[in-house]
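Undergrad: Okay, these came from TrEMBL:
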TRANSMEM  88-106  transmembrane segment
TRANSMEM  112-131  transmembrane segment
TRANSMEM  138-155  transmembrane segment
TRANSMEM  167-197  transmembrane segment
TRANSMEM  209-230  transmembrane segment
TRANSMEM  310-333  transmembrane segment
TRANSMEM  345-367  transmembrane segment
TRANSMEM  379-396  transmembrane segment
TRANSMEM  403-419  transmembrane segment
Amino acid sequence: MRDKSNTADELAHLTGGYTFNRYNDYRMHPENGNLPQRWQALPAVIMGATYPDLQDPNWRESNVWQTGHRFFFGAGNNPARMLTGARAMNALFGAAVLLLVPYWAWHLFGPAGALVALVFGATCPTLLAHSGLATSDMAMAFFLLAAVSAWWWHLHDPRRRVLALSAVTFGLACVAKFSAVLLPPLFGLLTVAALLVSRSAPRLRWRPFGFSLLTHGLAAFLIIWAAFGFRYSAFNPALPAGEFNLAWDYVLSFGGLKAAVVSLCRDWRLLPEGFLYGLMFVLKHAEARGAFLDGDYSIFGWVSFFPKAFLYKTTPALLVAVTAAAAGLALWARERGIRALGFQLRRVLPLLVLFATYWGISLASHLNIGHRHILPTYPVLYVATGVIGWMIVRAWRSNRAGGWLMTGLAALLAGWQVADLRAVHPHYLAYFSPIVGGPAQGYHHLVDSSLDWGQDLPGLKRWLEENHRPQERLHLSYFGTAEPDYYGIQAVRMPMIHGFRIRRPWHRLEPGLYAISATMLQHVYMGIRGPWTPAQEERYQKFRALAGVFESLNGPLDPAAAPINDLTAAEWNQAWDQYEQLRFARLCHYLRVRRPEAMIGYSILIFRLDQAELDRVLHGSARDLGRAIEAAAGPLP
């Protein structure tokens, strides 16, 4: 990811972590894991990056997005250097996963199994994509697997050092991401399973088990307090005063038992304020969130979202390998008997429980914003492919021909995996399976962090250097938090998800290049979503009649300006905002079926539009728009 701009969340992660490390203040972005943010921000601290002025209103308001934009692009820092350092730190979590995976596979399936599992893990586009981003997803994937592994080991090994390892791993997971709330139920399920099926079950006694629970709870308690500076208040009293970006009352409006428990912890100061606020922020924003799947929109998500995302974003080679592993185990069980299969299943029980529990929670989730949220289940799949290595060894022991056959089939699967990876390199985040047409068709199915997270401004700049015609106007609608000006991209700014309060003069849409991020094209987080309706058409035509006035006013207008044509400046600004949103929605409604001239990293679509095409799409009637869409879509098959 060295040639990629910062993704939308990386700006906030790095800014939050830097604030935690340097200022011991925990108001900026406490909702996404204290540990990975601190860890990823260490290079920026070491290089002495300059932080925005603490007297700035954005500091007082805890506005991590505005503060982060200035930190990256307005404080004289080198954002590329900061980002490279942060991503390198996060890559260590990916490397740690690639140590745990072969460890498990070796334990279960021997050295050959470990090698196969490592190959499939190290060549998985999903793992490579998120290992190369300064976010908390890979850290949580590691800590979930590590905590479950350590707990299972502890259940079968009473030594104090194993208990200490399990307790510390659990505590670190608690400050890696709030997904760690799944660990206590997972530990409970694994404990029951160990009592029922494990030969080591007699070692479990109530007194030492109670001591174990106390140790884990105490470790988590101390690590959480340490992560927040052993201070209850999220605010550092030695710094200029501030407030949370969203009030406590708002995040507690989630209600129910969870809010009541957090309120109790807050009132009694049982845990740091920054930790409790971050937890409630996550719960509140998981209630409803804009989501996109296969051309459909929802704020509550779909049960089918993660199964489809898994199918779309997983390499066919990995799917075939896991299927082959399951089939191989089934044939072996048929030969050896159900008791032998039960023995093998007991050995992989912690992985099965992790996989099934995480998937069960994911299916019920309303937060359907990205394939990355099922990232913790992928290491289990890599381990499962280790069965193939075990089958190869068994085949060689049986006969030479069978050994060559199994080795050849495994090599074909590995080659297929590598070929898929090379085909999408270096755009790993944009990987989509050939099952759905590959990455070029991805934007029809998933967007946001599954495809377009704002990472491709450098690629856009390179494309413009080679393809931008003299005097050709560039219009840009970008989903992300990077700054186009930093990359030398001069463009008319259309609606963007993060405007950063940069003044955008009122403008007409003219012939030229239109660079539109896939997430913006699909209007996932815009006020106007879904099909273009007669009501929207009526409003659009009403505002379009004022287009000449908008151009003459050359807004946005100063709110204190005198009324114009019986409308206040605020009313004119509001009218322009509505017109611009409707105009952009109408344009995207057409462009979604039009073939782009180019795709930048598969996440930014380039369209070259002339005046005649713009007239049909923006200045004609609804019938003209319909004809243009039919022509762009082409004849039905």
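From the backbone N, Cα and C atoms, a Cβ is placed for every residue, glycine too.
Looking at the shown structure, can you explain where the listed features end up?
TA: Same-chain residues lying 6 or more positions outside the transmembrane segment (88-106) and placing a CB less than 8 Å from one of its CB atoms are 36, 39-40, 42-43, 113-118, 121-122, 127-128, 130-135, 138-139, 141-142, 145-146, 149, 351, 379, 382-383, 385-386, 389.
Sequence-distant contacts of the transmembrane segment (112-131) (same chain, at least 6 residues past either end, Cβ-Cβ under 8 Å): 1, 90-91, 93-95, 97-98, 101-106, 137-138, 141, 313-315, 317-318, 321, 371-372, 375, 378-379, 381-390, 392-393, 410, 414, 417-418, 420-421, 424, 428-429, 431.
Using a Cβ-Cβ cut-off under 8 Å and counting only residues 6 or more beyond its ends in the same chain, the transmembrane segment (138-155) has close neighbours at 33, 35-36, 39, 90, 93-94, 96-97, 100, 104, 127, 130-131, 162-163, 165-166, 169-170, 172-173, 176-177, 179-180, 182-183, 186-187, 190-191, 194, 198, 200, 203-204, 212, 349-351, 353-354, 358, 375-376, 378-380.
Panel annotation: around the transmembrane segment (167-197), residues 31-36, 136-137, 139-140, 142-144, 146-148, 150-152, 155-156, 204, 209, 212, 215-216, 218-224, 227, 275, 278-279, 282, 342, 346, 349-350, 353-354, 357-358, 361, 376 of the same chain, lying at least six beyond its termini, place a Cβ under 8 Å from a Cβ of the stretch.
Counting residues 6+ beyond its ends, the transmembrane segment (209-230) has Cβ neighbours under 8 Å at 24, 26, 34-35, 38, 154, 163-164, 166-168, 170-172, 174-175, 187, 191, 271-275 in the same chain.
With a cut-off of 8 Å between Cβ atoms, the residues of this chain six or more beyond the transmembrane segment (345-367) that come close are 104, 107-108, 144-145, 148-149, 151-152, 182, 185-186, 189-190, 193, 197-198, 285-289, 299-301, 303, 306-307, 373-374, 376-377, 380, 383-384.
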Undergrad: Who are the long-range neighbours of the transmembrane segment (403-419) in its own chain, taking Cβ under 8 Å and residues 6 or more past its ends?
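TA: Contacts with the transmembrane segment (403-419): 116, 119-120, 123-124, 315-318, 320-321, 324, 388-389, 391-392, 395-397.
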